[in-house]
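As recorded in TrEMBL, the features of this protein are as follows:
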ACT_SITE  Glu198  active site, proton acceptor
BINDING   His197, His201, Glu220  Zn(2+) binding site
DOMAIN    1-90  domain 'Aminopeptidase N-like N-terminal'
DOMAIN    125-342  domain 'Peptidase M1 membrane alanine aminopeptidase'
DOMAIN    423-736  domain 'ERAP1-like C-terminal'
SITE      Tyr283  site 'Transition state stabilizer'
Amino acid sequence: MKGFYRSKYTTPSGEVRYAAVTQFEATDARRAFPCWDEPAIKATFDISLVVPKDRVALSNMNVVDRKPYPDDENVVEVKFARTPVMSTYLVAFVVGEYDFVETRSKDGVCVRVYTPVGKAEQGKFALEVAAKTLPFYKDYFNVPYPLPKIDLIAIADFAAGAMENWGLVTYRETALLIDPKNSCSSSRQWVALVVGHELAHQWFGNLVTMEWWTHLWLNEGFASWIEYLCVDHCFPEYDIWTQFVSADYTRAQELDALDNSHPIEVSVGHPSEVDEIFDAISYSKGASVIRMLHDYIGDKDFKKGMNMYLTKFQQKNAATEDLWESLESASGKPIAAVMNTWTKQMGFPLIYVEAEQVEDDRLLKLSQRKFCASGPYVGEDCPQWMVPITVSTSEDPNYVKLKILMDKPEMNVVLKNVKPDQWVKLNLGTVGFYRTQYSAAMLESLLPGIRDLSLPPVDRLGLQNDLFSLARAGIISTVEVLKVMEAFVNEPNYTVWSDLSCNLGILSTLLSHTDFYEEIQEFVKDVFSPIGERLGWDPKPGEGHLDALLRGLVLGKLGKAGHKTTLEEARRRFKDHVEGKQVLSADLRSPVYLTVLKHGDGTTLDVMLKLHKQADMQEEKNRIERVLGATLSPELIQKVLTFALSEEVRPQDTVSVIGGVAGGSKHGRKAAWKFIKDNWEELYNRYQGGFLISRLIKLSVEGFAVDKMAGEVKAFFESHPAPSAERTIQQCCENILLNAAWLKRDAESIHQYLLQRKALPATA
C-alpha cells in the first residue's frame, strides 16, 4: 500500500475491480517516477494521465484538458493544471470508478467528496465538515486556501487513516464515509476529526513544509492539535477538548514515561527511521505540547504568530526554530527556551506538591523530577523542564488563580486568601504536560470534589489518570486508586468514564494472569452498574452525541464483565437484529456484538461472520472485525485468526482482528503471538516499512506480564528483524517487564482489597 499501487474493490453487482492510487509519504514518490524525493527539494508538477475513458482520473490540480489518445480509442489523456511549488511526498493521482458530491465553500473553493459508486449519499457529512473547515482555517491563519479545488476521496485499500496530498486528500473509507442509518456517533466524530486534520495540513505542511523529517512532529503535532479546535468550532456539543485529554494527552504520557521513548524531535538518517516516528510521540505528545503552548501564549498572539510563520515561509520549508521565532516575536515570551525543554529531551516531569496554611494564605512547595513508568527517577542529572503551571481552588474551580512558569527544580509559591477548608488543585483543565503527585492531605481534600462534581470533568479525569499512573509506576498503591475509582459513582461525563474504563481495562488485563480475575470483573460491574441503570438501553428525548457514546461504552463494559441483565438484554436484541425484527441502532452494535460473542459459542461466531459477509459498509465490517477476538474457546480463536488473513478482510484491517484476539483473553494473547510467529513472513511482507507492522506487534504482545515473555519477544525479533518497528519492540519488552513488576508488587494487596469489599455489607 505504498508508491503507485493497485487497490481492490467490489462493484455493487459483486464484481472485483481495481483502482490505481498513490501513497507517497514518506519516501515512496521515487517508486512512481524519478525525482529528488526529499521535502526541501520543491518543484512544480505538470501531470498527465492516460486512462480508460470510463474511469475517473484525479490529481492535485484541476483538469485543464481531456483529449482522445491517438493509439487507442478506449483511452483518453487527461492533463492537469501546473501545481504550485511543492514537495514530492504530496503529489497524488487516482484512477478508478467513483461517484461524488460537491459544494462551494463560502470562499468559493470547489469541494468534492468522492465515494465508491452508489454511495454518494455517504459523502455528505464529510462534505459539510470540509466546507465549514476551509473558511475556519482561512480566518484562523489569515491566509486563503491556496488551490482552486479540493477533493476528498475514499480508497478501499489504505494503510494510514488518511493522507493530506495537496488538493487531493485520500482516506480510508471508514475515515470519510458516513451513512445516516448505519454509522455510529463515534464514527461521525472520527470523520470530523480526520477531515479537520488533513485540511489543516493544506496550510501547515503543504504550503509551508518541514525542512527535513526531523521536524515531522511539527506537521503532525500541529494538525493533531488544530483538528480539535476545528471540530470544537463545527460541533461544540462534542465537548471535544475533554476527549482530547483521554485520547491524546494521556496516551502520549503513557508512552513517554518509558525509558525507550524518544524526544519529539529525532534526527533521521534512513527512510526506515522516518516510518518509525509516525507514532504517539510525534502526533499526540506533539499536539499536547502545542495545546500547552497555545494556552501559555493566549489565542490572540498565537494566531498572530501563526500568520507571520505561514506568510514568511509560504511555498518554502521551515524548521521547528522558525515557528518558535514567529511565536516569540508575536507574544514577547521566551518560547524557544520553554519549548526546547519539551521537544529536545524525552519524557516529562512529575510535579510533587505539598501545602501549608500560613494565616490567610496557602504556601505551596513544588518540586519537579522526571516521571518514569518504572518508579521514582534514580540517577544523577535529572532533566529539567520549563513548566507553565496553573493553580485553581474550590472557590472557583474553573478559574486560574495563579499562573507561573516553573523554571527550576524546586519552588515555593504563596496563594493569597485561601481559607483552610478550601482545596487547591494544580493543572487546571489538564493542559500542562506533566503529572501531579499531591501530599496525602491535599489529595484527601480533593476527593470530595470528584463525588460532588465540583471539580470540572477534565480535572476529575486528570486526577484519576495521574493516580492510576503513579500506582502503575509503584509510587502509590493500586488499592488507593481503586478506592478513588469508587468515588466516581455519580459521574455523568462520557470522557471521564472512557478514561476510567481504559484504566480498568489495563488492570483487568494485568489480573488475567492471576486466579482472582473474576473478582476484578465484580468490581467493574459494581462501578459501572449504577450509571448503566441510569442510562438504560434506549435514547431518551433530548439526548445528544455524548449520551450515545456513554451508553455504548457502559453497556459494552457491563456486557464484557458478564453483568447478568445486560447479557440477557444483549442476547435478546441480537436475536431480533439477526432475524430482522428490530435492527440494532448503530451506537449499540459494538457493545451488543462484543457481549454476545464473549459469552457465546460457535454458532454466535458463525452468525457474526455471516453479518460481516453481508455488510455493505466498511464501518460495519470493521466493527465486527474489532470484536471477533472476544470469543473465548481455543478452537474459535483459531478460526478468527485464520479469518484475519483471509480474502474477506482488507489488508489494513487484519491488524485489528489479530489485535482484538490478543486483547480479548489470556488464551487469545498466547494464540495471537503464536499466530504472528507462524505467519511472520506473510505479515512482514505485507506491512514492512510502514507503521502497521509496529501496530501489529504492539497490540499483540503488550498484555503479557511475565519476565520471560519479554526475553522471548526480544529473541524472536533478533532473528526476524523489522527495522521500522525496532523502537516499538523495545517499548513492548519494557512494558512486559513493568507489568510483571506491577503484578509482583500489588497483586496480593489488590486481591485482599477485593475480598474485603465483598465481605462488607452493601452501602446504599
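The backbone N, Cα and C atoms fix where each Cβ goes, and this holds for glycine too.
Automated prediction, rather than curation, is the source of TrEMBL annotations.
Everything TrEMBL records as a feature, shown here on the structure.
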{"residue": "His197", "record": "Zn(2+) binding site", "contacts (Cβ under 8 Å, 6+ apart)": "Ala162, Glu164, Ala223, Ser224, Ile226, Glu227"}
{"residue": "Glu198", "record": "active site, proton acceptor", "contacts (Cβ under 8 Å, 6+ apart)": "Leu152, Ala162, Met163, Glu164, Val169, Tyr171, Ala223"}
{"residue": "His201", "record": "Zn(2+) binding site", "contacts (Cβ under 8 Å, 6+ apart)": "Glu164, Asn219, Ala223"}
{"residue": "Glu220", "record": "Zn(2+) binding site", "contacts (Cβ under 8 Å, 6+ apart)": "Phe278, Ser282, Tyr283, Gly286"}
Neighbouring C-beta atoms (10 Å sphere around the C-beta of Tyr283 (site 'Transition state stabilizer')): 23
Neighbours of His197, His201, Glu220 excl. site residues, C-beta within 8 Å of centre, Zn(2+): Glu164, Glu198, Ala200, Phe204, Gly205, Asn219, Phe222, Ala223, Ser224, Glu227
Structural state census, the domain 'Aminopeptidase N-like N-terminal' (1-90) (DSSP three-state): 6 helix, 43 strand, 41 coil
